[in-house]
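For reference, the structure is listed below as structure tokens.
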Amino acid sequence: MLLPEEPAILEVRHAVRHWIAAHAPDGDVAVALSGGADSLALTAAAAVEARSAVALVVDHRLQRGSADVADGAAARARTLGCASAEVLPVDVTGSGGLEAAARQARYEALDAGRGTRPVLLGHTLDDQAETVLLGLSRGSGGRSIWGMSPYDSPWGRPLLGVRRAVTRQACTELGLDPHEDPHNSSPDFVRVRLRTEVLPLLEDVLGGGVAGALARTGEHLREEGAVLDAVAADAEAKVVVDGEIDAALLALSAPPVRRRVLRSWLLAAGARGLGDTQLRAVDDLVARWRGQGQVAVGGGTPDARLVVRRRRGRLNVGLDDRRRV
């Protein structure tokens, strides 16, 4: 399909072309298509910029008529020039609330359906700003406000520099009528309230440019964090011996490096839901040792929790009977 050379669609195409050149030089991609403006504009651009683009449409089956919406989105993808379009029905179950469960089901379906292709997601600069703001509100360290990466294999995000208004305008230029998901305007979801209440207020009070500033902040922190991660990886190779950490040797490292080493080590040992409070408590075993007891870090088994202990100058991870808590 030939696309009109209008400003918005050209901006989207440029972003997709740049992403493919950087991350998918063979030109084969999958696109996650919901039928909304962001993913529609992305699909239209990918269909002409990629060597081969396939559309994956996840039907969460949470609303009446969702199958018709999914089928319509798939048909539109074929019209736009995608090599194929597949509807992936999912069951949304699990803990953490509807948003989290739907996200998990969606990503699992996309991963199963993509084959060997990277999956392009329609996250925009506005989504990036919301993500950074959410991370900031949690106060769990610099990593939480990095925002989303342009490529976190297999997930690609070509539109992180494109405003949501541009994708909507691109759909208008293409004569496409995006599907409006009721969940995207429901105040029951924190991200929706950020989008419709908090960010507009910040833009008004601070005189505009807030979304772009938040996105740039996340990008800068992500770049700086990558350097610290590399330093921490070198340090980890030196201080971890037979699965245990030499506390005195790690204590010589700067605090951000120490915590990165500990985070990597704990995750490799099976820690789950690791938060800033837990990480700092483990860091205290290294840098502020005064004979304190073990630190629970999340994870383990139904009968035993995962804990970190310091013994004879080394940190080790073990299990502790939950019934003794």
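Note that Cβ sites are derived from N, Cα and C of the backbone, with glycine treated the same way.
Here's what Swiss-Prot has on this protein:
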BINDING   SER34, GLY35, GLY36, ALA37, ASP38, SER39  ATP binding site
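Shown on the structure are the features that Swiss-Prot records.
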residue: SER34; record: ATP binding site; Cβ contacts under 8 Å, 6 or more apart: VAL57, VAL58, ALA73, GLY122, HIS179, ASP181
residue: GLY35; record: ATP binding site; Cβ contacts under 8 Å, 6 or more apart: VAL57, VAL69, ALA70, GLY72, ALA73, ARG76, PRO178, HIS179, ASP181
residue: GLY36; record: ATP binding site; Cβ contacts under 8 Å, 6 or more apart: GLY122, PRO178, HIS179, GLU180, ASP181, ASN184
residue: ALA37; record: ATP binding site; Cβ contacts under 8 Å, 6 or more apart: ARG164, THR167, ARG168, ALA170, CYS171, PRO178
residue: ASP38; record: ATP binding site; Cβ contacts under 8 Å, 6 or more apart: GLY122, HIS123, THR124, ASP127, LEU159, ARG164, THR167
residue: SER39; record: ATP binding site; Cβ contacts under 8 Å, 6 or more apart: VAL31, ALA32, LEU33, LEU121, GLY122
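Under the three-state DSSP scheme, ALA37 (ATP binding site) falls in the helix class.
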